[in-house]
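Peer 1: Copied straight from TrEMBL:
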DOMAIN    3-59  domain 'Glyoxalase/fosfomycin resistance/dioxygenase'
Amino acid sequence: MKIKELILFTNNLNKQLEFYTNVLELELVKQTSKSFSLKVGCSKLTFKFRENCTPYHIAFNIPLNRENRALNWLKQRVDLLPFGDNEIIEFEHWNAKALYFYDADNNILEFISRKELKINSEEAFSSNSILNISEIGIGTSDIKSIYNSINTIKSIDIFDGSFERFCAIGNEEGLFILVNKSVKKWFPTDDEIYVSDFIIKGNYNFEYVNGKIIEIA
């Protein structure tokens, strides 16, 4: 599943612009008084101003052999969010390793390397090493309903989990992380999960508004 563009909302537009362009060193491709867009590998990440907004969880794929270099690169720029003593967190059943950190809005960001993608790199790690946007978290109180709404737009596989607490749908290239906000918190920080509006474009095109999936052209 490909995520071509992810549109999120912020009430700290200038701080987020500073973070993503100067801290993460992502390429700015468009800017207006109310929004900005960044090149993130083969995806685009856009932030739009909105007075009332809540935090997100998003993930970015990186090459599978670059976790340690990504760790060193990040530690020069941000405070990592470890799980116990582990700054690089291994998910054996996903054949993946991940690093977590906050952006300027306390959105939980994740760099994740996935063995199944079989993408290596011999270059020094930089923002250009990021492959694409690979995950967006969707907070809800009814995982099954959200799954059915997305599956109605276009058939989508369950990658991991169930309809009780946590359900990842899609594939290693792109995943929707459906989470029951009533019984679960965000990993690895135990931050509260919100029903946060967003817009996505790619293989699936929809808005998530007030906990509902609305298909767009």
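Here the Cβ of each residue, glycine as well, is placed from N, Cα and C on the backbone.
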Peer 1: Counting each residue once, how many in the domain 'Glyoxalase/fosfomycin resistance/dioxygenase' (3-59) are helix, strand and coil under DSSP?
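Peer 2: Its residues divide into 11 helix, 29 strand, 17 coil.
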Peer 1: Mean pLDDT over the domain 'Glyoxalase/fosfomycin resistance/dioxygenase' (3-59): what is the value?
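Peer 2: A mean pLDDT of 99 is what the model gives the domain 'Glyoxalase/fosfomycin resistance/dioxygenase' (3-59).
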